[in-house]
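**Q** Annotations for this protein, taken from TrEMBL, read as follows:
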BINDING   B:H2  Ni(2+) binding site
BINDING   B:C73, B:C76, B:C115, B:C118  Zn(2+) binding site
Amino acid sequence: MEPLEVLAKSKLSGKKTIAVMSAKGGVGKSLISALLSLAISSSNPTTLIDLDIHTMAVTKLFGLENKLHEVTKRGIEPFTIGNLGVISLGGVVKDKYVILSGSNNRSVMESLIAYSVINDVVVFDLPPGLGDEVLLLEHLTDFVPVVVTTPSKVSVKVVEYLVRYLTEKRKRPHLVVNMAYYDCEGGKKVRPFGDERAVNELVKKYGLEYTELPIDPLLEDYIGRIDKYDGVVKQKVIELARDLLKPRRDERS
Amino acid sequence: MHEWSVGEGILRSVIDWAKENNINSVKRVKVAIPSFTFLEADILKEAYDTLKKGTIAENSVLEISFKDPVFKCRNCGNIFTIREVINEVEKVKDEFGEEYPLHLMSGLAPAFIKCPKCGSNDIEVSSQEIMIKGVEVNGTP
């Protein structure tokens, strides 16, 4: 018997879990995880769990670097930002780099879930790729996948592996196309990656629901205080949060 | 304080197992804990004894043993014990205090323990997780 696994499963039991994931790195998963969890927390107590244990980008986005989680009888207490709790390995190891092999990755991710104090809605920020993090979450809970890509053809092609995998597992990923366009004056959309053909083909092929997020250069000014950001990307993510919280087709039937 | 979470994990595991096996009462639970976590046995027992009240494990005794994992370097093949790297572990404890990373997450061991021979972090740890080694139930000798 492994208490770690039992505890991790029990922590997620009966909770709404959303996994922000991508087969491709550098597409904005952590940023979207942060904005999405903030948006959801405005109506539901929410926990953001940073499973990207090697980069711990979430602590950088919220300005939580070098801060340690408090540990009480309840477990690892999240950092709190309003109604949002944030859990990251950064709150355990500070700025120490973490280099680990596969089975240890899994153990540490499972520990973050098992030993933390978690709210009713959980948003996971996953590392890029198709590895232990996906298998572990599948094992622990029935999560809603949010798959992130940019409109770049190479990104869309790589992300298709994950979409195909999730579809085969009878999950229905919601695709988020990050950095899809600039909102210019006069309501005109400019698409720096060219046309949307690659994304449209993926959406059609797998019957995906999807959300496009605009580019906002001002976002960079909010790294370290992402909870204060109130620009165009946030507005779109609020709409995404509403969609994700609605009962899904498979839940309704 | 982390001992309370560990105690909860042990108790939940025992209760789940007992339910699956139609067991009504548990007598003894034996757990093995990696020594480098430095979990406090007294606090873990206190947590278990508090949390078990009102459950089918209410009359059970928690028996704790500490195990010294064996480390194997995948880079040079060196096999070593905690005693050979205890200074590194003590340094981490000094830096972080009571709730130090290996206390909270035993899976972090290779991130903090380097091979004493070649300095690699590519370390394999035998039996690094907290495990329930056995459960005695009422009706067993």
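Cβ coordinates come from backbone N, Cα and C, glycine included.
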**Q** Using a Cβ-Cβ cut-off under 8 angstroms and a sequence gap of six or more, which residues of the chain neighbour B:C115 (Zn(2+) binding site)?
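**A** Result: B:F71, B:C73, B:N75, B:C76, B:N78, B:F80, B:N121, B:D122, B:I123.
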**Q** Using DSSP and collapsing to three states, where does B:C73 (Zn(2+) binding site) fall: helix, strand or coil?
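**A** Strand, per DSSP.
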**Q** What subset of the binding-site residues B:C73, B:C76, B:C115, B:C118 has a Cβ positioned less than 8 Å from a Cβ of chain A?
**A** none
**Q** What's the CA-CA gap between the residue listed as 'Ni(2+) binding site' and B:C118 (Zn(2+) binding site) in angstrom, rounded?
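**A** About 33 Å separates the two Cα atoms.
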**Q** Would you mind pulling the DSSP three-state label for B:C115 (Zn(2+) binding site)?
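**A** DSSP call for B:C115 (Zn(2+) binding site): coil, neither helix nor strand.
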**Q** So if I draw a 10 Å sphere around the Cβ of B:C76 (Zn(2+) binding site), how many other Cβ atoms end up inside it?
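**A** There are 12 of them.
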**Q** Can you give me the residues near the recorded Zn(2+) site, meaning same chain, not B:C73, B:C76, B:C115, B:C118 themselves, Cβ no more than 8 Å from the center of the site's Cβ atoms?
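**A** Leaving out the recorded residues gives B:R74, B:N75, B:G77, B:N78, B:P116, B:K117, B:G119, B:S120, B:D122.
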**Q** Would you count the other CB atoms within 10 A of the CB of B:C73 (Zn(2+) binding site), including those on all shown protein chains?
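**A** I get 21 for this one.
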